[in-house]
Amino acid sequence: MKVKLFLRGVLEIMQMMFREVHKENEHEEAVEEAGFGLFHGLLLVVCGWANASDAVEILCVSFLLPTARCDLHLSSSDMGLLTANIFLGMMIGGYMWGYLADQRGRQKVLVMSLTVNGVFGALASFAPRFWLFLLLRFISGVGVGGSIPVIFSYFSEFQPRLKRGAMISALATFWMAGNILAAGLAWLVIPRTWVRFSLGGLDFQSWRLFVVLCSVPSLTSALIFSLAMPESPRFLMEAGRETEALRVFCRMFAINHRGSLKTFSICGLHIPSEKKERETRRGGTHTLRFVNLKQCLAPIRQLFVGELASRSVCLVIIFYCISFGYYGLWMWFPELFKRAEDGGSPCANVSRLQSHDNQSCYPVKTAVYMEGFVTAASNLPGNIFTVLLMDVIGGKALLCCSLLLSSVSVFLIYEVKTKAQSLLISCVFSGVSVVAWNSLDVLGTELYPTQLRSSALGFFTGIGRVAAIMGNIVFGQLVDTNCAIPVLLVSALLLTGGITALRLPRTKQAELT
């Protein structure tokens with residue numbers, strides 16, 4: 001009798017374990033059943049356009065400074081504050097929107113964050129005073145900080161397991177498109193002297209039109225998401241809304257199998273009762289409600305508990321290292337180019353920077369926009385490389401190798417002798433470092449469960465924003481007195497990030513949890 005009871009207990013435990021595994025696999029099975037085709041192509045274009053809009057909004061600041069500094073009467077410290085300002089907004093917005101996306105839904109939060117980005121970005125072009133321009137750019141940065149992590153969580157939850165790495169890499173390539181778009185717009189618009197008129201006492205220069213145009217991608221993305229894009233089916237399943245999740249899967253199937261006689265074979269999704277009860281208690285996910293600070297910080301604590309703790313610590317280090325190095329160095333490439341024009345290494349010339357007040361803003365020189373365009377285009381080989389090899393090599397290996405190679409390329413800046421060599425090294429750094437960013441996008445979505453995914457990406461990108469702010473401050477303080485220190489510091493940090501990445505778990509073609 002005791003043996004029978006024991007065997008019955010073992011059988012019940014095995015059945016419970018099987019049901020739990022089945023619950024986790026149900027999303028993957030439904031995604032596989034929905035197929036892979038036109039829907040995913042359309043999704044890539046829509047999410048890619050949103051990703052490109054974020055790149056445009058961030059990078060447009062570096063292109064408007066050469067002329068905006070005269071109209072807004074900016075000192076060098078003001079320009080440094082403006083550069084860091086958007087990253088401060090992104091740091092705050094990254095976690096705030098990420099938390100709301102995990103609690104209230106991806107699609108709704110994307111519409112709101114993209115709208116904030118576009119509206120306040122456009123309003124900044126009409127700011128007559130620097131303090132108002134700074135405030136509006138900060139609020140725009142809050143919107144940018146939300147859409148970046150959420151868009152990757154949203155996109156990944158529609159992808160079949162075997163296609164996920166390549167598709168996320170393809171999504172990441174749209175950052176390059178945004179970079180090229182920003183440089184191209186600046187090249188076409190800012191040097192044009194005919195773009196100048198008075199508007200209520202405001203001298204509307206070409207750079208202000210450039211700022212308005214840079215807000216268009218965000219606003220159009222928000223419109224498309226609000227009118228045409230469904231909520232993430234993975235989120236709907238986690239929220240206990242199985243009917244809506246099934247409807248999304250059926251829509252995916254219908255688009256992917258247009259003209260086919262096949263039918264979607266899954267008739268229902270099993271949602272654990274505790275998830276339905278939790279959803280009922282919090283009043284559904286159809287409305288956004290205010291939450292207290294303790295609730296907002298709860299997901300951060302979960303990132304550093306159990307098996308998630310070690311990978312979270314590693315990603316904190318990696319995000320800090322790559323953000324400090326990439327954004328800190330990127331904003332100062334033009335200055336290094338200028339020093340190299342006089343001959344010798346740009347870091348060998350420690351002469352005092354010329355005051356911007358003594359330089360003329362007009363006529364606008366187009367060389368900086370041409371060099372920016374070339375450097376942005378050099379992302380292309382790295383993006384193609386990651387799309388083709390992400391699912392073959394895996395994100396961990398690509399991240400390690402790209403960070404180590406980025407470290408070497410930055411170190412070589414100390415040895416360049418001409419402007420052409422400086423441009424070449426910047427292109428190499430651009431092409432190699434983009435592999436690291438693409439790998440982080442893939443790893444970030446695969447290392448964390450659904451209920452923490454957007455919060456985790458928002459938190460880590462927030463760490464990256466702190467690093468970006470510090471990187472710009474350090475370069476601003478040291479580039480004139482001892483250029484070698486920030487350059488070698490960036491090289492050392494990238495090396496540290498590459499070594500730390502070795503500690504991350506392998507996630508190639510892993511199932512989402």
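Quick reminder: no glycine exception, Cβ is built from N, Cα and C everywhere.
The stretch that TrEMBL tags with transmembrane segment, taken from the ranges 249-271, 456-478, is 456-478. The stretch from 134-155, 313-333, 456-478 with the most CB pairs below 8 A to the transmembrane segment (484-504) is 313-333. Here the domain 'Major facilitator superfamily (MFS) profile' (43-509) has a mean pLDDT of 79 out of 100. Between the transmembrane segment (313-333) and the transmembrane segment (134-155), the number of CB pairs under 8 angstroms, six or more residues apart, is fewer than three, so the stretches are not in contact.
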